[in-house]
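First the structure, in the form of structure tokens, and then the observations on it.
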Amino acid sequence: MTWSYPVDPYWMVALKALLVVVGLLTAFAFMTLIERRLLARFQVRMGPNRVGPFGLLQPLADAIKSIFKEDIVVAQADRFLFVLAPLISVVFALLAFGLIPFGPPGSFFGYQPWVINLDLGILYLFAVSELAVYGIFLSGWASGSKYSLLGSLRSSASLISYELGLGLALLAPVLLVGSLNLNDIVNWQKEHGWLFLYAFPAFLVYLIASMAEAARTPFDLPEAEQELVGGYHTEYSSIKWALFQMAEYIHFITASALIPTLFLGGWTMPVLEVPYLWMFLKLAFFLFFFIWIRATWFRLRYDQLLRFGWGFLFPLALLWFLVTALVVALDLPRTYLLYLSALSFLVLLGAVLYTPKPARKGGGA
């Protein structure tokens, strides 16, 4: 099933693109404060609360500090690529957010609550997310530092391990809906129920792979401070370092918006027609969830991430893709997927709860 959507004039598209860029940059600034305050609460501390009322001006202080720090370009660096790398990371991080619908058609002052609406939206998102890694790779290559190069190589190698699972997880909603358009996916969920219920394994794989793609704990291996002295941005300082942080947080925010859009109904809700509020609450929940994981989880080793990507994420995503494809190809009732999805949840829960812990070395109790 396909739906038709109105098209905005070019000036409105440009205005909405500007609003998205300004909004994401503002969100990045305040997410640094929110994350630090939440991490502090998890660790029974106060967090930054000195600059301005309740510490609300801390992002401004951080921005001023970054701008006025000395901007160093090391002698052995490739200057052009060294400067280009953080710009690539930020630009491709910004490009994905414009496709996300935040409400029904015509709900943004008579215009559409998205920047652009592409029939190949999922393919576009996948391509943009893959291109963003070039910024990380070029930063390590151009820095002339072995730590930076190792960080960028880690990012490139781990990308292959989790992106295959992520891509297959995206195909589950595409097969069910029969469209690559994000608005079609949201409208299908409005009529048939959240895709999370039909494809729990795909949801789980996409959630985990999104954390890896945003380089969030426990998958922040490219910048592991204890092992790589900061990783791919070891040699960066001042505003260039801030641009890498900006790209990471924008990926973080975009992932938190895409997960509910693809699997949790987007702006729709069975009760109370307040689409912008529901979308904001779902986005805020996943922002909090990712910060919670960072506060309570440990960083995986490099080999553990590769083993996890190839040994768990990819097989699980492939299995569910084949199951979904079989149900769709044979035109079986979609309730079969509901039962299989619930069964997969119980199996995975049982595996987590009843997996025996490895014996301690040395035979200690």
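The first residue you see is number 1, and the count goes up from there.
Glycine residues also receive a Cβ, built from the backbone N, Cα and C atoms like all the rest.
Note that the structure is a prediction, hence the values are computed from the model and not measured.
For reference, Swiss-Prot has these:
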TRANSMEM  11-31  transmembrane segment
TRANSMEM  80-100  transmembrane segment
TRANSMEM  120-140  transmembrane segment
TRANSMEM  157-177  transmembrane segment
TRANSMEM  192-212  transmembrane segment
TRANSMEM  252-272  transmembrane segment
TRANSMEM  273-293  transmembrane segment
TRANSMEM  310-330  transmembrane segment
TRANSMEM  336-356  transmembrane segment
Quick test of the contact rule: Cβ under 8 Å, at least six residues beyond the ends. What residues does that give for the transmembrane segment (11-31)? 59-60, 62-63, 94, 97-98, 108, 111, 114-116, 245-246, 249-250, 252-253, 287
Kindly say whether the transmembrane segment (336-356) and the transmembrane segment (192-212) touch, using the definition of 3 or more Cβ pairs under 8 Å where each pair is 6 or more positions apart. yes
Can you tell me which recorded stretch out of 80-100, 157-177, 273-293, 310-330 has the most Cβ pairs within less than 8 Å of the transmembrane segment (192-212)? 157-177
Can you tell me which parts of the same chain pack against the transmembrane segment (310-330), counting only residues 6+ beyond its ends and a CB-CB cutoff under 8 A? 161-162, 164-169, 171-172, 175-176, 199, 201-202, 204-205, 208-209, 336-337, 340, 344
